[in-house]
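As recorded in TrEMBL:
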type	residues	note
SIGNAL	1-31	signal peptide
DOMAIN	91-175	domain 'PA'
TRANSMEM	203-223	transmembrane segment
TRANSMEM	253-270	transmembrane segment
TRANSMEM	276-300	transmembrane segment
TRANSMEM	321-340	transmembrane segment
TRANSMEM	346-365	transmembrane segment
TRANSMEM	372-395	transmembrane segment
TRANSMEM	431-450	transmembrane segment
TRANSMEM	462-484	transmembrane segment
Amino acid sequence: MTIRTSSLPRRGGGLALLLLPVLLLARTAAAAGAAASEFDDGTSPKFPGCDNTLQKVKVTYWVGGDEQDSLTGISARFGAVLPDTAGEKKPAVQPDPKVGCAKSSKPLAGSVAVADRGECTFIEKAKTAEAGGATALLIVNEEDALQKMVCTDKDPPPNIKIPVVMVSKSAGDKIHSAMSSGNKVDILMYAPQKPPFDGAIPFLWMMAVGTVACASVWTFAVVGEEPKKNDAALEAEENPADAEVVELKTTTALVFIVTSSFVLLFLFFFKSTWSAWLLVFLFCVGAIQGMEYVASSLAIRVCSRCGEAKVKLPGIGNVKVLTLVTLPLAFIFAGVWVAYQNSSFGWVGQNFMGICMMILVLQVVHMPNIKVASALLIAAFLYDIFWVFISPLIFKKSVMITVARGSDDGPSLPMVLKMPKEFDTWNGYDMIGFGDILFPGLLVAFSFRFDRIHGKGVTDGYFLFLMIGYAFGLSCTYVGLYLMNSGQPALLYLVPSTLGVISLVGAKRGELSQLWNAKS
């Protein structure tokens, strides 16, 4: 890679490059936004008594009368169909024996039986719970995943009249813990339908498009510095201390994809609380630098002399006074977000930190031409397709979507912009990964620099075309999400709408060779 210089107050070029493979993990737009029937694949046997649609179930529980955060479960192919609206909560009882394969010594009448998985079939557990008078059966899985509870061709019609639901081990442990402490636990289970309109998506779309546009023009509009033409090597020799802009090369694309794939597989097979906190730490490190950069740039834009004052610190040397003000504030903001990231307003801080980090990344990591853009975006495009659509054929489930959803324990994946679904009973989030903004954003930012260097205007340049292409591609992503009821690999739509657009427009103008070999 080539190092370029700049007089901008940029920091963290190496860190931004290090973060790019991690950001590539957060690829799937709205991975958690699938429909209530997302578990149903239609491949398991169906016959009378075992022909229910596998549904996403909302498991709400109360401990000592206090409502807790809802858990997510999956309904069985057999048993009663759950209502789509909330009904009456029932007391939770753990049968004895705990696996629920034999008649319970504890009375189950009028309760939700909470049984552990194992020792007998799901159908046998359901029949035992129903015979004991339970109104529903909640099965706790042995791992942090949801197992499809279906019938085989050899099973007789189960004829079970109570609903049967499974939750993951981590979710079930929360209920077990409350029950073992002697608290009264009540459970309510239902399968709410996805609303026809998701009001969060337009706001998420505006944030993503706005971030790409803002980051692309930041150097010119906020810092007030014009892109420079082909003098990188000379400037690097004259002032190597300021050489903090990383210019990508074609070989970098392969490194990104391979590294990201290994990290993705690691998170898929070894999901744990510590790995989630590691991603939170990396996110905070990048976000702190991003917030400090954005705040310093804006302050200098308002008061040009604010960036001149310096103080000498022992062991560090000269440090700008502005940095001594903005950096601690960024640390405090990140610390408060970590403490309250799971609160109802945590998404606001995450989005602010993420946008600042992406603005910084697009200032310190540059795409030099569309030759490099083709290598990076096509590689990322294939990466998306493989890990979302093809990986289930190898790993039995989509690796990308599984990692994006995370687990019930520990923090959620922070490398996303997200908006709460205000009209959704699930009270979940629509999300778009930082990678779906940054990777096309690198090309959009290149187009703006190319236009400025070559004296192009709005109509005869490329920036406007790419912004329209990015906005259109992101719109197609959400249309695909709605029509297919499953998480969508955004680059499936964004690569043709950005790389394809600049290639076609460049070819029509006879400037494709100039774009391919540019060194802006």
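Cβ coordinates come from backbone N, Cα and C, glycine included.
Away from its own ends, the transmembrane segment (372-395) comes close to residues 24, 27-28, 248-250, 252-254, 256-257, 260-261, 264, 268, 401, 435, 439-440, 442-443, 446, 487-492, 495, 498-499, 502 of its chain (Cβ-Cβ under 8 Å, at least six residues beyond either end). When Cβ distances are compared across the two stretches, the transmembrane segment (276-300) makes no contact with the transmembrane segment (431-450), since fewer than 3 pairs at least 6 residues apart fall below 8 angstroms. DSSP assignment over the domain 'PA' (91-175) gives 17 helix, 17 strand, 51 coil.
Pairs of Cβ atoms less than 8 Å apart link the transmembrane segment (203-223) most often to 431-450, out of 321-340, 346-365, 431-450.
Proximity of distant same-chain residues to the transmembrane segment (321-340), defined by a Cβ-Cβ separation under 8 Å and at least 6 residues beyond the stretch ends, is recorded for 280, 284, 287-289, 291-292, 295-296, 299-300, 306-307, 309-311, 346, 349-350, 352-353.
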